[in-house]
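Scroll down for the structure; my scribbles are underneath it.
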Amino acid sequence: MESDPSPDPSIMGQFILIAILTLINAFFSLAEIALVSVNKNKIKLMAEQGNKKAQLLEKFIKEPTKALSTIQVGITLAAFLSSASASTGIANKFTKFLTNIGVPYSSEVSIVTITIVLSYVTLVFGELFPKRIALQKPDAFAMKSIGVIVFLSKITSPFVKLLSGSINILVKVFGLDKKNTEETISKEEIKSLVEVGREYGVINETEKQMINGIFEFDDKVAKEVMTPRPDVFLINVNTPHDELMDELMEEKYSRIPVYEDDIDNIIGILYMKDLFIEIHKNHNKNIDISKMLHTPYFVLETKNIDELFKELQTTRNHMAVLIDEYGGFSGIATIEDLIEEVMGEIDDEYDDTEPENKKS
């Protein structure tokens, strides 16, 4: 008796069912990543402007546990039904096929093979690929999927409440702060809000740069903002008076590092104000700059600039002399350098004719 070569309708139906369940799994995976990656501040602004979907999305953002529980119910059901369909029909047919061709342990081989294939299909087409797509445009996909999630949340409300309650109990048992878990605001979210504000004209470009500068302030070290050693104007304490005055008159700096013999041997900071007072008192005669030097404020070039700024304020210094790990002179950082990291470049009347060196 010849076997019917046409495919078994029941098997085809199960393959179609698994494909549909995989698509459902893919939708929920996509929605899950879109919801957790959405730009909350942008959605909030859109909601305030009357966008209905944004308003729905904002409600779910405020209650992420409820939204994610609804999605997880959908993912779990889709995966469960897909596995059940494969194990009941396809596995039996595949076992018979393996038995007919003489494969030993056909039942075990059938189960392992189908499990591997189904896991691959579910992971690639039902999880990883949809999530990669969602990350490209999370806001758009979140807006498109929110209607379905809202509808399903109403249907699965009793079960979701059970899940949410269970999660809240676990949070308390393990001593976690639910408020901190769900409502933490990161730097990136604030930067994102600033960008949205700029797009809507609420914040201008200068304000945006200042706010971003504040957030980057504690991420930089002094070496990144300093005037490096080759560009720093210094004077040798042993330079003859006339030659020294010629050098000083060519420059327009108010504070000048002073070294003795070796540039790595910084012995003090000369304030031009003090020098002019001495010149006036002594009629430009017998001027000894070594007696009017201020103690230099030495710091490692790797110090964070937010710490350096606080220290300069506390010690009432306007200039820090930076040294490297070997104690060698690396450069200088001034209050002006640090402020410029937030405010942007500050030019004075000499900047058009001066090199990159700071006048402090």
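In case you wondered, yes, glycine gets a Cβ from its N, Cα and C as well.
TrEMBL labels come from automatic prediction, so no person has curated them.
From a predicted model like this one, the values you see are computed outputs, not experimental measurements.
Annotation source TrEMBL lists domain 'CNNM transmembrane' at 7-207.
The feature domain 'CBS' is assigned by TrEMBL to 226-285 (among others).
Marked as domain 'CBS' by TrEMBL: 292-349 (among others).
Per TrEMBL, the feature transmembrane segment maps to 12-36 (among others). Long-range contacts of the transmembrane segment (12-36) within the same chain, counting only residues at least 6 positions beyond its ends with a Cβ under 8 Å from a Cβ of the stretch, are 57, 60-61, 64, 67-68, 71-72, 74-75, 78-79, 81-82, 85-86, 89-90, 118, 121-122, 125-127, 129-131, 133-135, 138-139, 141-142, 145, 148-149.
According to TrEMBL, the feature transmembrane segment maps to 111-129 (among others). Panel annotation: around the transmembrane segment (111-129), residues 18, 22-23, 25-26, 29, 78-79, 82-83, 86-87, 90-91, 94 of the same chain, lying at least six beyond its termini, place a Cβ under 8 Å from a Cβ of the stretch.
Mapped onto DSSP classes, the domain 'CBS' (292-349) shows 21 helix, 16 strand, 21 coil. With helix defined as DSSP H, G or I and strand as E or B, the domain 'CBS' (226-285) counts 24 helix, 20 strand, 16 coil.
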